[in-house]
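Chemist: Residues or ranges marked as ATP binding site by TrEMBL: GLY106, GLU107, SER108, GLY109, ALA110, GLY111, LYS112, THR113. Positions annotated as domain 'Myosin motor' by TrEMBL: 13-685. Per TrEMBL, the feature domain 'TH1' maps to 823-1008. As annotated by TrEMBL, region 'Actin-binding' applies to 562-584.
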Amino acid sequence: MSLGSLTARDRVGLQDFVLLEAYTSESAFLENLRKRFHENLIYTYIGTLLVSVNPYKELGIYTKKQMDIYMGVNLFELPPHIYALADNVYRTMLTESNNHFILISGESGAGKTEASKKILQFYAVSCPSTKLMDNVRDRLLLSNPVLEAFGNAKTLKNDNSSRFGKYMDIQFDHVGGAVGGHILSYLLEKSRVVHQNHGERNFHIFYQLVEGGEEDLLRWLGLQRNCQQYSYLVQGECAKVSSINDKTDWKTVRKALTVIEFSESNVESLFAIIASVLHLGNVKFIADSRGYATLNSSPEIHWLSKLLGIPTQVIQVGLTHRKIAARSEEVLSPFTIDHAVYARDALAKAIYGRTFTWLVNMLNESLANKDSSRKTVIGLLDIYGFEVFNVNSFEQFCINYCNEKLQQLFIQLTLKSEQEEYEMEGIEWEPVPYFNNKIICDLVEEKFKGIIAVLDEECLRPGEATDMTFLEKLEEKMAGHPHFITHKLADQKTRKTLERGDFRLLHYAGEVTYCVDHVLTIFHLQVMRQSKNAIVQLCFPTTEPDSKKRPETVATQFKSSLVGLTEILMSKEPWYVRCIKPNEGKQPGSFDDVLVRHQVKYLGLMEHLRVRRAGFAYRRRYQIFLQRYKPLCPDTWPNWKGTAAEGVQCLVKHLGFKPDEYKMGRTKIFIRHPRTLFATEDAFEVCKHELATRIQAKYKGYRVKGHYMRQREAATTIETCWRGLKARRERQKRAWAVKVIKKFIKGFMTRNQPVSVDNSEYLDYVRQNYLTRLKESLPKTVLDQNTWLTPPPIMKEASEMLRKLYTRYMVRKYIQGMTTERKAQLQIKGLTSSLFKGRKENYPHSVSRPFVDTRIKINVQTKVISFHAFPQYSVPVVKYDRNGFRPRFRQLIYTGTAAYLVEEAKIKQRVQFNQLKGVSVSNLSDNFFILHIQSEDIKQKGDLVLQCDHIFEALTKLCLVANKENCINVVQGSIKFDIQPGREGFVDFKSGQETMIYRAKNGHLMVV
């Protein structure tokens, strides 16, 4: 138990029953349990065994914070908790590299399933995490809702009662990560499929499927969304339960099946089997003229045939006849209606039971660890507790037999662990008297003589075997056994409490009366071996009927599985959780003494306590014992210089322990009686007060002395403070100056680095200095591009922006001072630039030359004006003949509608602007251009080949006057022109050192 909680024992009880003084008294045991229960302390130890009482309310003790508190802590350092047990099992497994198991037992509603979940959740949080381990963790956690859906049901005692025993192995690698798991199931309560007591339900999965299944799925399965329609779901008359949300649970199960990676076909086959059980329960029989059972064609038979993949005729025969082997022949024997109903229910139980086994096997495949390296294991055994009902059937017999075996194993392992600890510590072991229930186990399982052997013999013998012949056989074999009673073997007084079909066993936990009705269950399942359902084919293999070996009974199978479980548990280190239900009404805060006393008895808690108290009640390592109680001895306080064992020896000698009250082991001290420990603890409480007084006196003296020392120091400080004030101020000024200079130097050294604390002030200075100098040296004109002050790196971007802004300002100022004529000149120059810039080599030479309105004499223009429109531009040109390319000097005059080629006031050719197709020039530095004229008449003249010294001016004016800005075509190489319609000529251009114009041999005009 937690050492720090010893002083609270009177209010909240003892945290470890081993320290109970009256350890043989059930009343004292119950009083301690009740006291802790009413303080919401639901966990109590018996050594390393954990007793858990169901509080029936949320206590807020299962948070992530609580998990963190209990991780890596010794079992007895903190108050008892399921997390403390789980953590110590985990750490012991890692330290010792061996296997362990946790046995969780108790009756229905005591909290076994919740305890198992809490342990799994703790391991999910505390184990190392990787992608693989997270995947395994999710599958381990999600296997629970699947098993609960198919194996749990509402009972009178519990809304989520496990109706099967479960053993789960969690496999860990060498670093403690969960890498796999394996599940074993025991004795599923198959009778619940066909019968439920009032106030109870069938297995959860049936209601989840009907209430939560998708419409398409229900339609495919032939089901209605109404539980009242199905005979197997309404016998308990409580299909709806307020504490259970079947729709939400259905979604959880579907998600879990997906995560566990069940294939879609397996899921469909699984739900088809569940639906077929519901349809089977609705099958009705009628009697024929001879009183035998017959079946009409009903929807149920149709759906059974569809879902199980069995022909309708085979199902009808299988439900109404029994196949009897007579030598080499097989004879069909018809059923009565009672036998047919019994056979139908037996078939439903067999289908569901084997499907559950298949489901567990599939979960094991999903949880299987593929790594073959050595693993350590922690097993969780969630097993039903001892059951005593008004009517106890074959299933209660198997459950109580299981508890007898586990009690036998429990006592053996407890005695073994106690004996091993004593031997390890060098303490003499004294034999412990206890009730050995081997006689009861032998009564049930002994070969050829036990109850199971008699049951096997009766089931398999030829002839008509009945429940009463089985009971008679038991009376014959067991007569005189002290733990076996029947109506026939009992005395007159006991006989009144027994029916003729009952027998009574005296278990370790008390007497239980069993009814033999329906113990002998024989039904042939050949019909299921014709199924096309994939799961049913696996559950009912076709090889079974051919076997010549007699089949095992359910009892023998359970006995064999129990032997296997015992072997598994014997190979592991045991830990125990005993769950107790405080009341039948599931009421928080209610503690039923009679009910709890009964559970304490059949859980064997008093037996376990007696074993733990047979020798020494308390044991603790020397270091821990000495650390706590060393203030009680002057020689050990405050620090002990020797070994811990020597310190404990000195301590107990000072305390006056008698030799028979304690023993010194190799690493621990053993104290025989709790009163000795409590006396030591009480002395420690008194000692703590004395220590507190001494500590207070020391502390008060320390404070007063400290106050005086502070006053003296204050006077000295005041004297020196003023004298140093001016010096400090001067020092501060110098320090500031040094800081500024250092910062400036550091800023200069880091000026080219990104802005930081070191260079921000220096860069501010650089910016201000640059802007000040720039103000004094701004360019005077727009064309002054070289006088802009070179910026420092930090100001490059800002300088560029300022330069652009200033340039725009200068341009704007320049434009505002410009004349109208100058502006028009620049607009024409802009058009020229758009036409020739970057396209003709000699364009840059023309930029600085201003354009004029005319390049020829006024009198020539006047003569043209007298006959035609007013000239808008004129320029001298050289015209080359189209035939022979002879040069002729001419004048080119533009009017508003046409261009005229004139020789001394005589018009040689007129070109209307609307007939001008385009103008071609070369991309070289020549002055040639060709006017392409549209002409269809062969008598008309062709294109004009002209040379002009002012080519850019002439062509720009042409674009403006003719309003054809897109007519200029800059050509590279040769220009083709029309000599006359239908006849073409060419002007070739190439670069050369000297300018030459001549007719080439190919007849082309060559311009160099």
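Cβ coordinates come from backbone N, Cα and C, glycine included.
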Chemist: Residues other than GLY106, GLU107, SER108, GLY109, ALA110, GLY111, LYS112, THR113 within 8 Å, Cβ to Cβ centroid, of the ATP site?
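Modeler: Neighbours found: ASN54, LYS157, ASN158, SER161, SER162, GLY385, CYS579, LYS581.
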Chemist: Fewest other Cβ atoms within 10 Å: which of the binding-site residues GLY106, GLY111 wins that one? Let me know.
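Modeler: Checked GLY106, GLY111; of these binding-site residues, fewest Cβ neighbours within 10 Å: GLY111.
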Chemist: Sort out the residues at least 6 away from either end of the region 'Actin-binding' (562-584), same chain, that have Cβ-Cβ distances under 8 Å to it, and list them.
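Modeler: Sequence-remote neighbours of the region 'Actin-binding' (562-584) are 33, 37, 48-56, 82, 85, 88-89, 92, 98-112, 115, 157, 167, 184, 186, 377, 379, 381, 385, 401-402, 405, 409-410, 413-414, 417, 590-592, 595-596, 599-600, 603, 605, 608.
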Chemist: Check each residue in the chain of LYS112 (ATP binding site) that is at least six apart in sequence and keep those whose C-beta is under 8 Å from its C-beta; list them in sequence order.
Modeler: ILE104, SER105, GLY106, SER162, ASP382, ILE383, GLY385, VAL577, CYS579
Chemist: Restricting attention to the domain 'Myosin motor' (13-685), give the mean pLDDT.
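Modeler: The answer is 80, the mean pLDDT of the model over that range.
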Chemist: Return the residues near GLY109 (ATP binding site), defined as same-chain residues 6+ apart in sequence whose C-beta is under 8 angstroms from its C-beta, sorted by sequence, else 'none'.
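Modeler: ASN54, THR155, LYS157, ASN158, SER161, LYS581, LYS586 - these are the non-local Cβ neighbours of GLY109 (ATP binding site), listed in sequence order.
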Chemist: Mind checking how the region 'Actin-binding' (562-584) divides into helix, strand and coil residues in DSSP?
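Modeler: The composition, in the requested order, is 9 helix, 8 strand, 6 coil.
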